[in-house]
Amino acid sequence: MTAQRGTTPQGTATEEQAARYVRGMFGQVAGQYDLLNHLLSFQVDRYWRNTTVRRVEHILRRPGMKVMDLCCGTGDLLLALEQKASEQTLVLGSDFCHPMLVAAAAKSGQRNAFTPLFEGDGLQLPLADKSLDLVTVAFGFRNFANYRRGLKELRRVLKPGGMLAILEFSTPPNPLIRGVYGFYSRRILPTIGGLVSGSKEAYTYLPESVRKFPGAESLAAEMEGAGYTRVKFERMTFGVVALHTGLSG
Ligand SMILES: C[S@@+](CC[C@H](N)C(=O)[O-])C[C@H]1O[C@@H](n2cnc3c(N)ncnc32)[C@H](O)[C@@H]1O
């Protein structure tokens, strides 16, 4: 399905259609996802995730904390979180794409504590209000069918003072870097991604979804609008990605 003009960031008429489209697309590329991630980012993706873990490490180390990596995909951030978490910290992984969770299950669970994985949509999580101390979302939030609803849902499941950390592609502020990155992501990335994964559409969707995603300042404003406090962001790699953090209130 090619995204048409519509009401969701994916261009579909309804949020259900957007979710089905995104889930199907990630399901197609789950097998080659890690290889392509590391290849297309020249391995810099590891640095982005490790930086994210460093920013939330104080929460991971505190015994009794409950942490969820939402949109965990094949589990790279989940694994990095697990490695820094105390054994008394509950780390959960969630995604709405089953083949991605299967890949994550093969990787996580390497510490002496159980890491439950569950299928869940970030817009409608099967979790009680105020149940988590930290939610991380790496490269998943951009795919939500409704950003405002997603922010509200994540605030719902966070305890008062709990932290949301969103690692996501962004728009480099420097026009020269933006031009070079734009050329790479629109021309080179879909070709390599298409050849390796067999789904050119998925790797054409990627730069398109980044282009449509709000810039770092706008996302910070959205977070504040949804009730998060102490919202801040840090750009990495010339602003190709940004890490936003905020407290649930
Ligand atoms: C680009 S992958 C990122 C995976 C992983 N976090 C990483 O850093 O590599 C995006 C993931 O978000 C998931 N996703 C997208 N929208 C979602 C939603 N509304 N609820 C749950 N998962 C979602 C997709 O299924 C996919 O596995």
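Keep in mind that glycine also has a Cβ here, set from the backbone N, Cα and C atoms.
These features come from TrEMBL:
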{"type": "BINDING", "residues": "Thr74, Asp95, Asp121, Gly122", "note": "S-adenosyl-L-methionine binding site"}
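On the structure: features taken from TrEMBL.
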residue : record                               : contacts (Cβ under 8 Å, 6+ apart)
Thr74   : S-adenosyl-L-methionine binding site : Ala30, Tyr33, Asp34, Met100, Ala103, Ala104, Lys107
Asp95   : S-adenosyl-L-methionine binding site : Leu70, Cys71, Cys72, Gly73, Leu101, Ala104, Leu117, Glu119, Gly120, Gly140
Asp121  : S-adenosyl-L-methionine binding site : Ala19, Phe96
Gly122  : S-adenosyl-L-methionine binding site : Leu70, Cys71, Ser94, Phe96, Val137, Gly140, Phe141, Phe144, Gly150, Glu153, Leu154
Between all pairs in Thr74, Asp95, Asp121, Gly122 (listed as S-adenosyl-L-methionine binders), what's the biggest Cα distance, rounded to the nearest Å? 16
Reduced DSSP state (H/G/I helix, E/B strand, rest coil) at Gly122 (S-adenosyl-L-methionine binding site) is coil
